[in-house]
Amino acid sequence: MSSSPLSSSLFHPLSTLSTHCHGRRQNLCFNRKQQPFVVRAAKLPEGVIVPKAQPKSQPAFLGFTQTAEIWNSRACMIGLIGTFIVELILNKGILELIGVEIGKGLDLPL
């Protein structure tokens, strides 16, 4: 035995692994029969224009695309600034404007 803990005689390369099955030698790496590869091509109808390059957009993850996120953040900024302007002009908070009493705590009897 050699001094290394993993001797090369213990492990064989995958290409040399084989088994005998019903008198035949089968390779473990490629135990499926190879099927012939058939290519079927069709001509495009007249007037169909083939794009020169495929678009390089990535598929959206649950609807979160870059463009949707940009528009969402812009709408949020407009709404937030609009809320600040309304509160500044009317000198009341948004909750006070819709009739919710604030500043009284939870008003729970203990």
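Quick reminder: no glycine exception, Cβ is built from N, Cα and C everywhere.
According to Swiss-Prot:
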- 1-41: transit peptide (TRANSIT)
- 42-74: topological domain 'Stromal' (TOPO_DOM)
- 75-95: transmembrane segment (TRANSMEM)
- 96-110: topological domain 'Lumenal' (TOPO_DOM)
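Per-residue pLDDT, averaged across the topological domain 'Stromal' (42-74), gives 85. DSSP places the residues of the topological domain 'Lumenal' (96-110) in helix, strand and coil in these numbers: 2 helix, 0 strand, 13 coil. Sequence-distant neighbours of the topological domain 'Lumenal' (96-110) (same chain, 6+ residues past either end, Cβ-Cβ under 8 Å): 86, 90.
Tertiary neighbourhood of the topological domain 'Stromal' (42-74): none, as no same-chain residue meets a CB-CB distance under 8 Å with a gap of 6+ residues from either end.
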